[in-house]
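Visitor: So that we are looking at the same thing, I have put the structure below in structure tokens.
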Amino acid sequence: MIRTMLQGKLHRVKVTQADLHYEGSCAIDQDFLEAAGILEYEAIDIYNVDNGQRFSTYAIAAERGSRIISVNGAAARCACVGDKLIICSYVQMSDADARLHHPKVAYFEGENQLQRKAKAVPVQVA
């Protein structure tokens, strides 16, 4: 059996730019891509915390250290500057590998300051 697992996650990054006329994609600070193990041109899913929109695109690199999160092309209609996003990439693997797998999660606050990195999503409690 093949399972699709969370590979990398940027949690609560803030949109710094939305460019409807750029050819597509989501530009992400290279430091952020590395923190979550997301490659340039990799498929990503984006979840907009502010408006509930969920959409797919691909990652491109933005200048390292710029803290840029730019939603481009048609996807720019799904996010506004200042919106908080969760950006995820996924990987397919065998059931056996999935049971040993740990995603790369990067948590952000404020103006896209990386707060911490983790290899799991915390257990939700009541």
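Glycine too: its Cβ is placed from the backbone N, Cα and C atoms.
The active site, schiff-base intermediate with substrate annotation in Swiss-Prot covers Ser25 and is backed by sequence analysis. The active site, proton donor feature in Swiss-Prot is assigned to Tyr58. What Swiss-Prot lists as substrate binding site is Thr57, Gly73, Ala74, Ala75, and the listing cites sequence analysis. The pyruvic acid (Ser) annotation in Swiss-Prot covers Ser25.
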Visitor: Report the residues of the chain - excluding Thr57, Gly73, Ala74, Ala75 - with C-beta within 8 Å of the mean position of the site's C-beta atoms, for the recorded substrate site, in sequence order.
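Guide: For the substrate site the neighbour list reads Gly24, Ser25, Cys26, Phe55, Val71, Asn72, Ala76, Arg77, Cys78.
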Visitor: Looking only at C-alpha atoms, tell me how far Gly73 (substrate binding site) is from the residue listed as 'active site, schiff-base intermediate with substrate', rounded to the nearest Å.
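Guide: Approximately 7 Å lies between the Cα of Gly73 (substrate binding site) and that of the residue listed as 'active site, schiff-base intermediate with substrate'.
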Visitor: Could you give the maximum C-alpha to C-alpha distance in Å for the residues Thr57, Gly73, Ala74, Ala75 that bind substrate per the record?
Guide: 10
Visitor: Using a Cβ cut-off under 8 Å and a sequence separation of 6 or more, which residues in the same chain sit near Ala75 (substrate binding site)?
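Guide: Correct list: Gly24, Ser25, Cys26, Ile46, Phe55, Thr57.
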Visitor: For the residue listed as 'active site, schiff-base intermediate with substrate', which of the three DSSP-derived states applies: helix, strand, or coil?
Guide: coil
Visitor: Tally every other Cβ atom lying within 10 Å of the Cβ atom of Ala74 (substrate binding site).
Guide: 11
Visitor: To which of the recorded positions Ser25, Gly73 does the lowest count of other Cβ atoms within 10 Å belong?
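Guide: Per-residue Cβ counts within 10 Å for the recorded positions Ser25, Gly73 bottom out at Gly73.
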Visitor: Quick check: in three-state DSSP terms, what is the residue listed as 'active site, proton donor'?
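Guide: The residue in question, the residue listed as 'active site, proton donor', is strand (DSSP, three-state).
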Visitor: Return the count of C-beta atoms lying within 10 angstroms of the C-beta of Tyr58 (active site, proton donor), excluding that atom itself.
Guide: 15
